[in-house]
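As written in TrEMBL, here are the features:
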type     : residues : note
COMPBIAS : 1-11     : compositional bias 'Polar residues'
REGION   : 1-24     : region 'Disordered'
DOMAIN   : 44-246   : domain 'Cytochrome b561'
TRANSMEM : 46-70    : transmembrane segment
TRANSMEM : 82-101   : transmembrane segment
TRANSMEM : 113-132  : transmembrane segment
TRANSMEM : 147-170  : transmembrane segment
TRANSMEM : 191-209  : transmembrane segment
TRANSMEM : 221-241  : transmembrane segment
Amino acid sequence: MASATPTQENPAQEPASREPEMEPLLGEPRAAGALQRKDSPIFANLYIGTAVLAQLGAVVLFTVIWVHILRRDWIIFSGHPIAQSLAILAIIQSILILQPTHTPDQKRTGQRIHAFLHLVSFVSLVTGIVVIEYNKYVNKLAHFHSAHAYIGAITTAILLLQYSVGFTMWATPSLYGSEDRAKSIWKYHRWSGYLSLVLLLSTVLSATRVPFVGETIGIKFWWVFGLSVLILLGIIPRVHLWKLLGQVRR
């Protein structure tokens, strides 16, 4: 006998209420490891979800560069890829640690670690630049003789701007008129941050086309390309559209 009272609707058939821009770029938040749980330690952000892919790519790329450099006799140039690869590794960690944060406390903790890792990357980047410039000076080598040099210069300029804007927005928001105005710029900082990562990986790729790196040292283009793709496959699914659009998560 049919009941006269209405039955409860099947929740599985209710329309999804989650707004598209509140999701990561690919898949469900938990599947991508895109949201930090409230009871989860901040450092778990470095390996949850697809971060494992990024870590695998980053660690192997870092190891490949260091092994190929350190197995040869040390020369002035050796310090350049050593320092720059450390900068890239630190930048990848700084992205992974901050991506899943979404509560005020998580964001504050994540921003402090993010800032520290970028300090490490900044020191490493400057060290690498000083080393390569000194190497060119001592050996009387030409500047800007390859695509690697041009891409590297562009990437360095964007990174220095990224460091400056990111640090001042976080430490001295009054420079932008108010804290709210400083926060409104975060979305541009995030966009340029992801662009910087792509440019950094492109810089490493272009380095393999320099005969000394690709042929003498033996770091191959397809190795770096494959590892770069792996890094991006680990990071891109955790990108939140609502953060890129400067929205507040509801």
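Going from the start of the chain as shown, residues are counted 1 onward.
Backbone N, Cα and C define each Cβ position, glycine as well.
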* **Local confidence of the prediction over the domain 'Cytochrome b561' (44-246), expressed as mean pLDDT** => 94
* Asked: What parts of the chain pack near the transmembrane segment (82-101), using Cβ distances under 8 Å and only residues at least 6 beyond its ends?
  -> 33-36, 42-43, 45-46, 48-49, 51, 54-55, 58-59, 61-62, 65-66, 69-70, 107, 109-111, 113-114, 117-118, 120-122, 124-125, 127-128, 131, 193-194, 196-197, 200-201, 203-204, 231, 234-235, 238-240
